[in-house]
Each structure stands twice: as structure tokens, then as C-alpha cells.
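Chemist: Next up is a structure, given as C-alpha cells.
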Amino acid sequence: MTNNTMLISLSTQPADARWGEKATLSVNEQGFTIHVGTTSLNGKAALATIQRAARKIDGQGIKHVKLAGEGWDLANSWAFWQGYRGPKGQRTVEWADLSDADKKELNDRLKIVDWVRDTINLPAEDLGPEQLATRAVDLLCDVACDAISYRITKGEDLREQNYAGLHTVGRGSERQPVLLALDYNPTGNADAPVFACLVGKGITFDTGGYSLKPSSSMDSMKSDMGGAATLTGALALAASRGLQQRVKLYLCCADNMVSGNAFRLGDIIRYRNGKTVEVMNTDAEGRLVLADGLIDASEQNPQWIIDCATLTGAAKMALGNDYHALFSFDDELVAALQESAKEENEPFWRLPLEEFHRSHLPSSFADLNNIASGANTAGASTAAAFLSHFVKNYQQGWLHIDCSATYRKSAVEQWATGATGLGVRTLANLLLSNAK
């Protein structure tokens, strides 16, 4: 420990009255004490208090701390890091002693969840569709290279292989659209059944296309690949925790730009599964690229298909940035995810998805419209319903996550500005606890 290191300790006792009646942080000669405000150093309330206190400590410009005293188990240590970490500058934490298993888990989270946060925070100039795909491959090879094989398809090859949605959305950019199809197969058996397919939206920048976003909505659109990054991290963390089932990952990566070659309103996309889609809003592009990945996933006949995307503003309007929205016709799968979310202390909330939502996308010229009719305003539900048309067995084993909690445009009590990494641990837990 250096002279510049601040000690951080935990206490169930209230702060001295001079710090204020509801103070959760006090200072002495050695450093800071976090007062969790409960009789236990564990539990959801304590974790939230620790994370908020860590955010305050970082706000003081303190860049080197040591977690000292009792109570610094894995959960509390991770809560501290979640709040302490910021998008710029270096921070050093001297961790308390943990068991070998907990130390490995902490190090895996630091590598993988921080990779997710760093990747989402990258400016679009530094992260195009192909870079996103190769970064995902690099992470997964670093974790479990012997179990990984992959294929990258890009540009005109997408059109020739009938990935119509991804090619249509991405063709307006100088940076080619890319589909990453990655196979995690730790069994060593090339004929092993696929347990799960993960399909991620990887829009590395979203202008809205000709349905152009205003600057106030476009300024955070480097984060529109948050679903792809989250699923990559989830598979990597599950692999690091010992996942022995075969999982395939599909990342649908593109820019959504305005150019002479960009797609237009009224265009009709013809998908490999026979569906035709009329484009009536080029800013509803995420569902168009995900459709290609979902068709591929369905062809694998997996037990589960899970897609993750920063898909709609409607989900964010309903839940803010505090929860990921989840949609499914499969109650058992929803219950399994909610149990995993509870175990990992991550926020998910189910929103409605019913059979009637599937009929809210009428078109006079195609099978589907890429946005709901004006009379049907449940934007997040109809977006999920659109995706269901590209899942072969959509009523069982399919889960859609509209990941509203991936990114924050400004700092709040518990989070710095930028990516949060929320959802990675829950999805890793789900893959592990339900793989048979």
C-alpha cells in the first residue's frame, strides 16, 4: 500500500451525526467507511449502498484504493467496482482476500464485463462492423479458443447468400456489414446438438437512415451494438464458468447511414424464410438485421434462442435505463431468466407479448411492415412480435431482450456515464444453470 492509497471499509453502524442523518459515507485519517444502513453487510440494499458510495469516492478523484476490514466478499467487491469504474482514467483497487474460486470469478468478471463496457463505450470511428466481429472472436478465443470456430460473412457475400436484411441496412455505409457466426463447442463432437443460439444486434452507429434521428437521439448511437456486446460477454463468462454445452453466437453487425446507396422508405426486403417486409421507417433497422440471425438460429433447432438488442425507445420509455425488458411466449423460460437475474442481482422486467401483437404490422405490399400501424402504439411489444415471424418455433424456447439498461447518457448515483455491463452475468447464469 502506498501513501496515496485510500482504505475503504464497511460498517453496519450509522455514520456519526456530523456527517448527516442519512450519510452512507464518512471519512477518517485512513480513508472512507461505507455505512450500509442495514444490520447485514449482505443483501440487495447493502450492494446498492456500496455501489453508490463507490461512485462518490470516484467523484472525489481518488484513483487508488484498498478494500480493508471485514465484509469484502465477492458480491460486495463487485458492487464497489461497478460504481467505482468510470469511462476514462485508470483506477487501481487492492482487493480483500477471497477464496480461490471467488478470486477467479472476480478476475473473469473484470476481464469480460469490463470488455463489454469498454467495447460499447468505443467511438464509432474506432468500432465498425468488422472490428466488432473480430473483437468478439478475440475475447472468446482468449477464454476458450480450443472450443471456438467461426465464420465471418461480409459485404456482397451477404447479398449472394441471401442475408437480405443485414445487407440492405448496411449497404449505405462505406464500412461493409458483417455477420459473425461463431460456434462454441466444448464437447469435441462435431455432431453435438446445439443447446442455445444467441443472436445480437450489432449496429455500430445508427443515424436512423433516411428516417433521420435528431442530434439529441443520435449522440449515444455508438452504443447501438450493446446487444451484440452483451451476448458475447455472456457466452465468454459462461465458458469461463465451465459451460459444457454447445452454443452458437450470431452477431448482425452494420452501420445505419444516409447515402446514395442507403435503403429507402417503401423498399421491400425478401428474406430466406419466405417473408417479405416493407420498410416504412429506416430507423427501425435493428429488427431487420436480427431477422437474418434468427433465421440462421432457427435452422439449428436449438433448445433455446435468445436475442438481445437495443431495439426500441418504447422499452426505454417504459423502464428507463434501470431494467432490461424481456419478451417471450414461453413462461418457463422467462421464469428461468428471472431466477438467474435474481441470483446475479441484475434488473430485468417482463413486458407484454401476445399473439395479437403479431398482427399489428400490416402492409399493403408485403407480408409485414417493419413498424406497427398508427393504431397500435405498443412499440416494444410489436417490435418483439416482428422478430417472432423469423423464429420457427416462436412459442417455445425463444426469448427477446430489449436491453434498455446497457448504456447511460449521463451519470447517476450508481453508474458513471456510459456502458453498464448489466445482463452479462444473468445470461451466463441462465446458460449454465439450465444446460442439461
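Heads up, the Cβ atoms here are built off N, Cα and C, so glycines get one too.
Bear in mind that the values here come from a model prediction, so they are computed numbers and not experimental data.
Pulled from Swiss-Prot, these are the listed features:
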type     : residues                       : note
BINDING  : Lys201, Asp206, Asp224, Glu285 : Mn(2+) 2 binding site
BINDING  : Asp206, Asp283, Glu285         : Mn(2+) 1 binding site
ACT_SITE : Lys213                         : active site
ACT_SITE : Arg287                         : active site
Chemist: Rounded to the nearest angstrom, how far is the Cα of Asp283 (Mn(2+) 1 binding site) from the Cα of Lys201 (Mn(2+) 2 binding site)?
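Modeler: That separation, Cα to Cα, works out to 14 Å.
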Chemist: Hey, how far is Lys213 (active site) from Arg287 (active site), Cα to Cα, in Å?
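Modeler: It is 17 Å, counting Cα to Cα.
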Chemist: Using an 8 Å cut-off from the Cβ centroid of Asp206, Asp283, Glu285, can you name the remaining same-chain residues around the Mn(2+) 1 site, in sequence order?
Modeler: Val169, Ile203, Thr207, Gly208, Gly209, Ser211, Lys213, Asp224, Asn256, Thr282, Ala284, Gly286
Chemist: I need the least crowded one of these binding-site residues (Asp206, Asp224, Asp283, Glu285), counting other C-beta atoms within 10 angstroms of each C-beta.
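Modeler: Asp283, out of the binding-site residues Asp206, Asp224, Asp283, Glu285, has the fewest neighbouring Cβ atoms within 10 Å.
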Chemist: Using Cβ atoms only, which residues of the same chain lie under 8 Å from Arg287 (active site) while being at least 6 residues apart in sequence?
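Modeler: Long-range Cβ contacts: Ala309, Leu311, Asn370, Ala383, Phe386, Leu387.
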Chemist: Counting all other Cβ atoms within 10 Å across every protein chain shown, which of the recorded positions Lys201, Lys213 scores highest?
Modeler: Lys201
Chemist: From the centroid of the CB atoms of Lys201, Asp206, Asp224, Glu285, the recorded Mn(2+) 2 site, which same-chain residues not already listed sit within 8 A by their CB, in sequence order?
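Modeler: Here the non-site neighbours turn out to be Ile203, Met221, Met225, Ala254, Asn256, Gly286, Val289, Ala309, Thr310.
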